Amino acid sequence: MSDVKKVVLAYSGGLDTSVILKWLEETYGCEVVTFTADLGQGEELEPARRKAEAFGIREIYVDDLREEFARDFVFPMFRANAVYEGEYLLGTSIARPLIAKRQVEIARETGADAVAHGATGKGNDQVRFELGYYGLEPGIKVIAPWREWDLNSRERLLQYAERHGIDIEGKREEGGAPYSMDANLLHISYEGGVLEDTWTEAEEAMWLWTNAPEAAPDEPQYIDIAFAGGDPVAIDGERLSPAALLGRLNDLGARHGIGRIDIVENRYVGMKSRGCYETPGGTILLRAHRAMESITLDRDAAHLKDELMPRYAELVYNGYWFAPEREALQAMIDQTQQDVEGTVRLKLYKGNVIVVGRQSPKSLFDASVATFEDDAGAYDQKDAEGFIRLNALRLRLGAKRRG
């Protein structure tokens, strides 16, 4: 790819991507456009702009994508109740397609012929980014420095930075933090370092977002979440934008010690990896959404969704957000959400999210039918006999054959 003229780099301003920026200029002799995404990671992003300016970069993009992230990526995923391997709420996985999408858009806007990312050759993110690139712009050139260069240790990166006068001050990870961290509006992840020993408990100081459950308030807090079309639209009667609503749930969940997990997951590239995650708002939202569905979804539609959910979650985890099979599943899921409307009441207490009430104008729950009291003929219990005998037929035939 020696003919690369201009490349759009996903740029954080940290050590890795700053070295990549200089390396791209040196190796390819190309112009670099930097792109820094605000996905709600809580960092001041202007330092990334200033650092890019110090490199002499002429085209610098620092984009606030929080609303698009929540509205067009997080919320559609939560309509599916997507959970990977029973625990992971896909906070990193769902962010990569949006970054890839915006990189491709910037490449088109600036006339760039290539994109670049800072994901390593061992992880899932390289796959997620590049499947996104190719799914949106099949002819794009992709540069993945970690698969090309020999700067395969932090010491070599630091030496390269020193030789080229790259400022590496002020970043926590550059000071030798014991974890690799990634944050956005949905979660914070922690990997590597001491966590590579699967028997070692993560230190309390690692968790940057949530209170420990035992340190959470001793009094529970009740909240109401309103839904329309399968998406949350209000908390305690206050309508909020998608990003603001998720941010509010994060604050509530963090205060009450909600959303910590410590898991070993199966990466798409084949290895197992330990990760610790904080997903306070997402944990609340998942519980609330399932409660809302419990009274508004038809039984078999709900069961079909649950059967398909692991496949949907796997597609998101592996990076197939823009693939036709994910889009087909999304269309089916979205059709089921038309009547997912109403309010769920939750009790938040020391790491727990407890559903205590749900109501909907589209509810399929009919107390006059479900009651244990006199139902005034709404349900004839004698009808159950024929239903049971028909469903028992194959079991009776099997028992007869066995003698």
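The backbone N, Cα and C atoms fix where each Cβ goes, glycine too.
Quick look at what Swiss-Prot lists:
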- Ala10, Tyr11, Ser12, Gly13, Gly14, Leu15, Asp16, Thr17, Ser18, Ala37, Gly118: ATP binding site (BINDING)
- Tyr88, Ser93, Asn124, Arg128, Ser180, Ser189, Glu265, Tyr277: L-citrulline binding site (BINDING)
- Thr120, Asn124, Asp125: L-aspartate binding site (BINDING)
**Asked** Listed L-citrulline-binding residues Tyr88, Ser93, Asn124, Arg128, Ser180, Ser189, Glu265, Tyr277 - what's their greatest C-alpha to C-alpha distance in Å?
**Response** 19
**Prompt:** Given Arg128 (L-citrulline binding site) and Asp16 (ATP binding site), what distance in Å do their CA atoms have, once rounded to a whole number?
**Reply:** 19
**Item:** Three-class DSSP secondary structure - Asn124 (L-citrulline binding site)
**Value:** coil
**Complete:** Note: among binding-site residues Ser12, Ser18, Ser93, Asn124, Ser180, least Cβ-dense neighbourhood at 10 Å is Ser180
**Complete:** Within 10 A of the CB of Gly118 (ATP binding site), the number of other CB atoms across every chain shown is 22
**Message:** Excluding near sequence neighbours, so keeping only residues 6 or more apart in the same chain, what lies with its CB under 8 A of Tyr277 (L-citrulline binding site)?
**Reply:** Tyr88, Leu89, Gly91, His187, Ile188, Ser189, Tyr190, Gly259, Arg260, Ile261, Ile263
**Prompt:** What number of additional C-beta atoms lies within 10 angstroms of the C-beta atom of Asp16 (ATP binding site)?
**Reply:** 21
**Prompt:** How big is the Cα-to-Cα gap, in Å, between Ser18 (ATP binding site) and Ser180 (L-citrulline binding site)?
**Reply:** 17
**Request:** Compare the C-alpha of Ala10 (ATP binding site) with the C-alpha of each of the binding-site residues Ser93, Asn124, Asp125, Glu265, and give the closest one.
**Result:** Asp125
**Item:** Cβ neighbour count (within 10 Å, all chains shown) around Asp125 (L-aspartate binding site)
**Value:** 20
**Request:** Starting from Asp16 (ATP binding site), work out which of the binding-site residues listed here (Ser93, Asn124, Asp125, Ser180, Glu265) have their Cα within 10 Å, and give them in sequence order.
**Result:** none
**Prompt:** Considering only the binding-site residues Gly14, Thr120, Asp125, which fall within 10 Å of Ser93 (L-citrulline binding site) when distances are taken between Cα atoms?
**Reply:** Asp125
**Message:** Using only C-alpha positions, which one of Thr120, Asn124, Asp125, Ser180, Glu265 is spatially nearest Gly14 (ATP binding site)? These are the binding-site residues in the record.
**Reply:** Ser180
**Request:** Over all pairs in Ala10, Tyr11, Ser12, Gly13, Gly14, Leu15, Asp16, Thr17, Ser18, Ala37, Gly118, the listed ATP binding residues, work out the largest Cα-Cα distance in Å.
**Result:** 17
